[in-house]
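Copied over from Swiss-Prot, here are the features:
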| type | residues | note |
| --- | --- | --- |
| DOMAIN | 1-141 | domain 'Toprim' |
| BINDING | 7, 107 | Mg(2+) binding site |
| SITE | 52 | site 'Interaction with DNA' |
| DOMAIN | 156-574 | domain 'Topo IA-type catalytic' |
| SITE | 166 | site 'Interaction with DNA' |
| SITE | 170 | site 'Interaction with DNA' |
| REGION | 196-201 | region 'Interaction with DNA' |
| ACT_SITE | 317 | active site, O-(5'-phospho-DNA)-tyrosine intermediate |
| SITE | 319 | site 'Interaction with DNA' |
| SITE | 507 | site 'Interaction with DNA' |
């Protein structure tokens with residue numbers, strides 16, 4: 001018997017339906033559905049994970065940071081709210097004992113490979129090297145049968161290792177840096193406030209903060225524009241002055257006066273025709289930007305809808321960077337099926353009449369998947385939600401457009417001379433629709449048809465207009481623009497960028513769904529980290545590790561090498577952080593808990609003057625000690641251990657010195673008198 005492991009239950013159902021030579025037998029185990037099917041004389045079990053079944057967690061409870069000793073555990077242990085995964089793990093464990101062969105049929109990308117790898121190793125209890133791999137980019141019967149007939153001999157260990165490394169690095173960065181920020185605030189204010197950052201979150205927030213600073217520091221500058229309003233054939237037209245900005249008001253007045261005294265005439269008419277080639281097929285980033293422009297969908301919403309269309313079998317796998325459509329996709333068959341839908345029939349018939357279907361392609365490639373395309377499976381009424389209908393329409397029209405003829409646009413530029421000055425009037429129209437006939441609803445071309453102008457023609461002026469304006473600050477990023485910027489900077493992956501943006505919203509670092517504004521909290525976090533530990537938010541460091549993950553995938557680096565290097569780099573960063581922990585905590589606590597709450601840790605009363613004994617830090621060495629709040633009038637100080645959390649006890653010992661509890665990073669606690677001459681001091685200080 002063979003066990004096929006899908007990524008999600010509805011994908012398991014699709015695979016069972018495609019591969020079974022009879023009607024699939026649906027069964028359940030611990031309430032989890034699975035399917036028994038027969039193919040080519042073999043009995044197959046098709047079961048599923050439910051996304052990630054395993055996550056990372058510390059091997060032991062440790063208080064503090066850094067922490068690097070982690071392991072894979074069931075996801076319901078690693079994360080809250082994932083209890084539903086327990087039954088899926090149990091089901092796979094039982095089913096694995098009934099079979100001799102394993103096939104992974106999760107999504108073919110790094111995340112899918114990690115899901116398959118961990119399910120095999122931990123739930124099924126087998127060596128992942130024994131499993132074969134179904135590789136597909138769409139959930140149609142023909143694609144799934146093709147994947148079955150062309151099984152890969154193993155899972156893609158390059159992808160699996162890169163995915164595992166990414167998970168570990170993200171855990172190291174996210175958990176350790178978040179603990180560091182939280183501990184810093186606790187040290188400064190005595191309050192536990194969870195604050196987080198991450199390997200990609202930090203650099204992403206940084207470029208948003210940089211834009212916010214540009215906007216805040218922007219000083220508007222006045223300028224003037226000059227327009228020539230005239231009439232021709234009963235219509236009004238507005239021509240713009242040759243300089244788009246006049247910086248001096250007096251110059252603007254002079255130009256207006258000179259134009260009014262002149263007799264404006266047409267000095268040139270320039271007509272150009274340009275071919276506009278069809279757009280390239282959709283990669284995920286382009287789809288997210290177009291869907292935001294057309295429908296206002298956030299990048300995450302677009303990805304979620306595209307994933308749903310994929311799982312329903314209507315479009316191909318969405319997490320792709322490819323802008324190419326390989327020839328092994330049966331374009332003609334897909335278009336023949338799309339022709340059954342009235343809204344696409346006219347365009348499909350045009351394409352079916354061509355001797356060859358050759359798509360326009362972009363430059364970007366993806367080794368795992370082609371560009372996004374409709375599968376040719378036709379949705380029935382009720383199959384799609386309203387938002388799914390919108391995105392499906394965009395995907396279909398884009399697919400049809402890439403095979404169509406170029407559009408031809410005509411642009412007209414009329415030059416009007418008024419004395420020594422020039423004005424320009426521009427128009428543009430589509431003279432041959434080509435691909436715009438099918439995709440034009442998603443493309444913004446201005447259609448401005450001008451009447452015929454002749455050189456030397458006198459212009460009937462209505463008004464010479466001078467308008468005062470002010471320069472505007474840079475625009476805030478839209479969600480789609482953030483995804484594009486992350487792509488350009490090499491931050492995150494096609495699959496993670498949308499979620500990183502959502503996380504920044506959830507953390508309270510940014511706000512505004514269309515125009516993203518960084519909150520005071522987001523500004524303060526970046527300002528503080530820039531000041532004390534800038535490497536935490538380094539775009540270069542993040543990009544460097546992204547490239548190393550690609551090298552793991554290509555087999556040119558091992559995951560162990562990259563994980564070890566990341567550990568070393570992060571250890572150094574956290575060492576610097578600890579030296580400035582109190583200062584960082586004070587800065588952050590001012591905005592997180594309020595300035596009034598930022599107070600030093602008081603461990604007792606001074607036996608000499610009655611002042612507060614507080615934890616202080618040496619500015620040169622960064623080492624902590626206890627001193628009197630009335631310094632320099634009172635010079636009482638005590639040394640204190642440099643490790644562990646200090647907890648006051650309200651008790652005293654030798655000569656009125658306070659007794660404190662030191663809580664070690666492993667959770668152990670012990671009491672110590674702060675007087676260095678106390679008989680217990682030396683024993684406890686080692």
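Backbone N, Cα and C define each Cβ position, glycine as well.
A quick note: this is a predicted structure, and the numbers were derived from the prediction, not measured.
Taking the features listed in Swiss-Prot, we show where each one sits on the structure.
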residue: 7; record: Mg(2+) binding site; DSSP class: coil
residue: 52; record: site 'Interaction with DNA'; DSSP class: coil
residue: 107; record: Mg(2+) binding site; DSSP class: coil
residue: 166; record: site 'Interaction with DNA'; DSSP class: helix
residue: 317; record: active site, O-(5'-phospho-DNA)-tyrosine intermediate; DSSP class: coil
residue: 507; record: site 'Interaction with DNA'; DSSP class: coil
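Long-range neighbours of the region 'Interaction with DNA' (196-201) within the same chain, counting only residues 6 or more positions beyond its ends whose Cβ lies under 8 Å from a Cβ of the stretch, are 169-170, 172-174, 177-178, 181, 486, 491-492, 496, 500, 503-504, 507, 525, 529, 536-537, 542, 545.
DSSP states for the domain 'Toprim' (1-141), grouped as helix (H, G, I), strand (E, B) and coil, give 45 helix, 42 strand, 54 coil.
Taking a C-beta cut-off of under 8 Å and a sequence gap of six or more, residue 317 (active site, O-(5'-phospho-DNA)-tyrosine intermediate) has these contacts in its own chain: 107, 108, 109, 137, 138, 310, 369, 372. Long-range Cβ proximity for residue 319 (site 'Interaction with DNA'), meaning a same-chain Cβ under 8 A and a gap of 6 or more residues, is found for 107, 109, 284, 303, 369, 494, 495. Here the Cβ of residue 170 (site 'Interaction with DNA') has 16 other Cβ atoms within 10 Å, regardless of which shown protein chain they belong to.
Taking all protein chains in view, 23 other C-beta atoms sit within 10 angstroms of the C-beta of residue 7 (Mg(2+) binding site). For residue 52 (site 'Interaction with DNA'), the spatially nearest entry among the recorded positions 7, 166, 170, 507 is 7, judged by CA separation. A mean pLDDT of 94 is what the model gives for the domain 'Topo IA-type catalytic' (156-574).
Take the Cα of residue 507 (site 'Interaction with DNA') and measure to each of the recorded positions 7, 166, 170: the nearest one is 170.
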